[in-house]
Amino acid sequence: MTEFDNLTWLHGKPQGSGLLKANPEDFVVVEDLGFTPDGEGEHILLRILKNGCNTRFVADVLAKFLKIHAREVSFAGQKDKHAVTEQWLCARVPGKEMPDFSAFQLEGCKVLEYARHKRKLRLGALKGNAFTLVLREISDRRDVETRLQAIRDGGVPNYFGAQRFGIGGSNLQGALRWAQSNAPVRDRNKRSFWLSAARSALFNQIVHQRLKKPDFNQVVDGDALQLAGRGSWFVATSEELPELQRRVDEKELMITASLPGSGEWGTQRAALAFEQDAIAQETVLQSLLLREKVEASRRAMLLYPQQLSWNWWDDVTVELRFWLPAGSFATSVVRELINTMGDYAHIAE
């Protein structure tokens, strides 16, 4: 299995180095739900600004404040403790009056707004995230500038970031140990982390192998293609290849890669054979996903940061702004720009 730091770069390995997250203010994330609260219902959606607090801890403190069980507080995604983040939490409070959230006290945390909502906010139920990042101590401004222009046009690999695999790859190692034993894992969080790490590692490996091909973005017979911004996909046939290629080139369609698991992978013929060969050596992780009945799915091979802009503060410091759809990683953008000093795994999704 190829480690995250050695996965194929779309624009070649960066020439220079830089520092990501010298302080929390260098990594700002704002959740984009993609909808507005209903204004009524048994749930309360809260938009919270936090710095120095992890999401689960804030959710637990909020549950105590509302005098409800911790399981009644949900969120769409984990956000980094060591960053400035705006995210939405959801509390189920049936039959209760609207609390006075001005009395909610937690250092580094502030309730910005709140409203009633009819439905629980579930994991992954957001449109995307807006990022403002500051990269410091950049050793090669010219190379970074060239790469930013290339990313604006050509995107980046849609890799799962190193943080998906845990500090030192602990989640992936946990998955491997679990796969090689028959012992049940009763901790639901561990199960989730380990299975996600296993499937994400296999996806990364498939993309890594495809990007080695000079014609990686050429549609082949049996490719699973996805309408940009949509979750469903369809299979390319040889008769349609010229027209489908035109739509891929215009970024109307995206070539996808497998999130392996049980059931059909989605590709057929030549494309399926390529994906199977790309992870043929990873039998242990594949067996785990089959054993635990994790359903196979698809994910776009490339990621195109939206609203990408940048501003050089000086020759060694640049501020980046961009928006990514839910499930995509800012660190996968940064790795195409600089060889980062620091550990990606400390940056939450």
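Numbering starts at 1 and runs along the chain as displayed.
Each Cβ is built from the backbone N, Cα and C atoms, and glycine gets one as well.
Among the features that Swiss-Prot reports, active site, nucleophile is placed at Asp80, with the record citing sequence analysis. According to Swiss-Prot, the substrate binding site annotation covers Phe27, Asn129, Phe329. What Swiss-Prot records for 155-303 is domain 'TRUD', and it gives sequence analysis as the kind of evidence.
Feature map: Swiss-Prot annotations on the structure.
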{"residue": "Phe27", "record": "substrate binding site", "CB count, 10 Å": "23"}
{"residue": "Asp80", "record": "active site, nucleophile", "CB count, 10 Å": "21"}
{"residue": "Asn129", "record": "substrate binding site", "CB count, 10 Å": "25"}
{"residue": "Phe329", "record": "substrate binding site", "CB count, 10 Å": "22"}
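Residues Phe27, Asn129, Phe329, recorded as binding substrate, reach a greatest CA to CA spacing of 13 Å. Recorded residues Phe27 (substrate binding site) and the residue listed as 'active site, nucleophile' have their alpha carbons 9 Å apart, per Cα-Cα distance. Secondary structure of the domain 'TRUD' (155-303) per DSSP, as helix, strand and coil residue counts: 72 helix, 24 strand, 53 coil. For the pair the residue listed as 'active site, nucleophile' and Phe329 (substrate binding site), the Cα-Cα distance reads 12 Å.
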